[in-house]
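Undergrad: Below you will find the structure I want to go over with you.
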Amino acid sequence: MATRANLLRHRTRLTQNPLISALPRRFHATQAFVDDGPDAPSLTPKPRRHWSKPEIKQIYETPLLELVFRAAQAHRVSHDPSKVQLCTLMNIKTGGCSEDCSYCSQSTRYETPTKASRLLSVEPVLEAARKAKANGSTRFCMGAAWRTATGRPRSFNNILTMVREIRGMGMEVCTTLGMLTPEEAKQLKEAGLTAYNHNLDTSREYYPEVITTRTYDDRLNTIDAVRSAGISVCSGGILGLGETDDDRVGLIWEVSNFEEHPESFPVNALVPIPGTPMENNPPVQVHTLLRTIATARLVLPDTIIRLSAGRQTLNETEQAMCFLAGANAIFTGDAMLTTPCSP
């Protein structure tokens, strides 16, 4: 087990590399160390804010193996590289959404295999959470296909009950319910919600090519409401939407300039679904996934990077490379909302 002084020396050595200029402000609880006493030097400098796009692009364009190597070094400064968090995502209300997200089978605007259903009752969701915990998941996420939770008081109250009960099981609880008002975010916080997922999906510049029914600023307003309520922010993107490298850089730049970096950054690979406008999009290349994960790890050193949708398309070696590049959470279970999930 490393001593605090040894860890500090390791951190100092890493900071001399320009690709690791932003270092984490805390050690995660999963990374144990021996305290050398009250006079031990601090290991909690704040991570860097206010990155420029050219700086992030320079990192992104680093030769791939060098980039992964540097990201792996940075990862070990603030995270235990032997640990990967297991999460389970459950679709508690499927389909019938009025948004026009071009990748999503739950939109009412497209003819897809997904059929709309009502919000599930409380007990089946709690049973799924118990099963997820028994299978090793420490975080249970619930998604509802809505534009907004506003105007659904009965459904929202049921979700508050789900949050309270699952939190009582000792699990982290995350929801994704579309846009939130500050009051709704406050109620979720009071119920015990750990985190709220609201992905930006892509860069501000490319976003209108993907979604027209909700603006980029609408998404940022929800994130602000969540943060103001004291809930951790889970916000990332989707690769394979037809975006360019500059758009991937733009996405990371956007979240890196939040007042506080997101607690987690999901990296999704598009799973093309028949009937959606993106059904014929080509698959994401593994090197693109690795570059995005590694760049996010260097720019967002404290953040948990979640290898999310599309993981079932990767073999074990490719997944291992993602972990080496800095990913440290995965989803398990039967499905990722409406797409397949690896067990």
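Each Cβ is built from the backbone N, Cα and C atoms, and glycine gets one as well.
Automatic, uncurated: that is what TrEMBL annotation is.
Feature annotation from TrEMBL assigns [4Fe-4S] cluster binding site to Cys97, Cys101, Cys104. Under the heading [2Fe-2S] cluster binding site, TrEMBL lists Cys141, Cys174, Cys234, Arg306. Per TrEMBL, the feature domain 'Radical SAM core' maps to 79-311.
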Undergrad: Can you tell me the CA-to-CA distance separating Cys234 ([2Fe-2S] cluster binding site) and Cys101 ([4Fe-4S] cluster binding site), as a whole number of Å?
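TA: One finds 19 Å between the Cα atoms of these residues.
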Undergrad: Could you tell me which of these binding-site residues, Cys97, Cys101, Cys104, Cys141, Cys174, has the greatest number of Cβ atoms within 10 Å of its own Cβ?
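TA: Counting every other Cβ within 10 Å of each candidate, the maximum falls on Cys141.
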Undergrad: By a simple count, how many Cβ atoms lie within 10 Å of the Cβ of Arg306 ([2Fe-2S] cluster binding site), its own Cβ left out?
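TA: Summing over all protein chains shown, Arg306 ([2Fe-2S] cluster binding site) has 26 other Cβ atoms within 10 Å.
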Undergrad: If I take every residue in the domain 'Radical SAM core' (79-311) and average their pLDDT values, what number comes out?
TA: 93
Undergrad: Setting Cys97, Cys101, Cys104 aside, what same-chain residues sit with their Cβ within 8 Å of the center of the Cβ atoms that define the [4Fe-4S] cluster site, listed in sequence order?
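TA: The surrounding set, listed in chain order, is Glu99, Asp100, Tyr103, Ser105, Gln106, Ser107, Ala145.
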Undergrad: If you measure Cys174 ([2Fe-2S] cluster binding site) to Cys97 ([4Fe-4S] cluster binding site) at Cα, how many Å is it?
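TA: Their Cα atoms are separated by 20 Å.
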Undergrad: How far is it from Cys104 ([4Fe-4S] cluster binding site) to Cys141 ([2Fe-2S] cluster binding site), counting Cα to Cα, in Å?
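TA: Cα to Cα, Cys104 ([4Fe-4S] cluster binding site) and Cys141 ([2Fe-2S] cluster binding site) are separated by 18 Å.
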Undergrad: What number of additional C-beta atoms lies within 10 angstroms of the C-beta atom of Cys234 ([2Fe-2S] cluster binding site)?
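TA: 28, counting other Cβ atoms within 10 Å of Cys234 ([2Fe-2S] cluster binding site).
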Undergrad: Could you state the whole-number distance in Å separating the C-alpha atoms of Arg306 ([2Fe-2S] cluster binding site) and Cys101 ([4Fe-4S] cluster binding site)?
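TA: Cys101 ([4Fe-4S] cluster binding site) has its Cα 21 Å from the Cα of Arg306 ([2Fe-2S] cluster binding site).
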